[in-house]
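Visitor: Pulled from TrEMBL, these are the listed features:
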ACT_SITE  GLU9  active site, proton donor
BINDING   LYS70, VAL90, SER122, GLN123, ASP124  substrate binding site
BINDING   ASP120  Mn(2+) binding site
ACT_SITE  LYS141  active site, nucleophile
Amino acid sequence: MSKAYVALESTVIAHGLPWPVNFKTALAMEEVVKREGAVPKTIGIINGNIKIGMTKDELKYLATTENVMKVGTAEIPVATAMKNNAATTVSATLRLSAREGIEVFATGGIGGVHRDVSWDVSQDIIELSKTDMVVVSAGVKSILDVEKTLEFLETFQVTVIGYQTDSFPLFHCRYSKYPLNITVETPEDIAAIFKEKRKLGIEGAILVANPIPEEYEVPYDELIKYVEMAVSEAKAKGVSGKGLTPFLLGRLSELSDGKTLEANVALLKNNASLAGKIAKALKKA
């Protein structure tokens, strides 16, 4: 591929953000990628057709249509065979974009291990261990068990790199108590590591942990208070599975008077920007 491409997921459009913030953010992320000199490709499934890049009308359709499936890698064939509309999670976006030769993907935060002993572990981790891609995220959502998620990433040999940080970011919050062993300062560093990884035949993704811009972060103590309240409510209502993350993010936004929603949008744009820079650097490396 001669151009620098950046994959973007569609779950944030259909399930992660409310209307019209979801649609505006999808367009803004694409514009940010373009400003960095790369080509955005938002991934999704419309009426059973896999879309590697969507028109403005298609983005709006996913943002406004009800009963859009939320699919990981395992559910892709269900959505296509049944001619469903589907938003792709990190795992599905990784699988579909890698088939097209795309090397860089920007998301908000990856899925991981949920709190408590529910054995709720995201498909994202498995796909990250198998698919060659640079994935830019603001760490993992603070609603997850961060320590267990990092352990799983290490077990499945996912290379985790901090971008200008030595602390694993918590989505809405820049810092955590979890240190990172590998840190880099430039997009070119990330491109060089990814090229070397491929040359050595080591499969799997590089997860770039990119902290939310400081002016938008939610303070750690405040954030954890909201998280614990939202998790307790989810337990009381019996919310689980694919509906858990959207429920928790919605409650966090309500409990924080919109602070976490504003943070979510900011970190998505920030990740899209870094992904565009890395995609350009890969073409020059």
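In case you wondered, yes, glycine gets a Cβ from its N, Cα and C as well.
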Visitor: Could you list the residues of the same chain, at least six apart in sequence, whose Cβ is under 8 A from the Cβ of ASP120 (Mn(2+) binding site)?
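Guide: Expected: VAL113, HIS114, SER240, GLY241, LEU244.
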Visitor: Fewest neighbouring Cβ atoms within 10 Å: which of the binding-site residues SER122, GLN123?
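Guide: Lowest Cβ count within 10 Å among the binding-site residues (SER122, GLN123) is GLN123.
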Visitor: Grab the substrate binding residues from the record (LYS70, VAL90, SER122, GLN123, ASP124) and give me their largest CA-CA distance in Å.
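Guide: In whole numbers, the farthest two Cα atoms are 13 Å apart.
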Visitor: Return only the integer: C-alpha distance in Å from LYS70 (substrate binding site) to the residue listed as 'active site, proton donor'.
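Guide: Between the alpha carbons of LYS70 (substrate binding site) and the residue listed as 'active site, proton donor' there are 11 Å.
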Visitor: Pop the Cα-Cα gap between GLN123 (substrate binding site) and the residue listed as 'active site, proton donor' into the table, whole Å please.
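Guide: Each residue's Cα considered, the residue listed as 'active site, proton donor' and GLN123 (substrate binding site) end up 15 Å apart.
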Visitor: May I ask for the distance between GLN123 (substrate binding site) and the residue listed as 'active site, nucleophile', taken between their Cα atoms and rounded to an integer number of Å?
Guide: 15
Visitor: What does DSSP say about VAL90 (substrate binding site): helix, strand or coil?
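Guide: In three-state terms, VAL90 (substrate binding site) counts as helix.
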Visitor: If I restrict to non-local contacts, at least six residues apart, and a C-beta distance under 8 angstroms, what lies near VAL90 (substrate binding site) in its own chain?
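Guide: Within the chain, VAL90 (substrate binding site) has Cβ neighbours under 8 Å at GLU9, THR11, PHE105, THR107, ILE110, GLY111, SER122, ASP124, GLU127, LEU128, VAL135, SER137.
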Visitor: Can you name the residues of this chain that are 6 or more positions from the residue listed as 'active site, nucleophile' yet have a C-beta less than 8 Å from its C-beta?
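Guide: Spatial neighbours, sequence-distant, of the residue listed as 'active site, nucleophile': GLY108, GLY109, GLY112, LEU170, PHE171, HIS172, THR245, LEU248, LEU249.
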Visitor: Where does LYS70 (substrate binding site) sit in DSSP terms: helix, strand, or coil?
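Guide: In three-state terms, LYS70 (substrate binding site) counts as strand.
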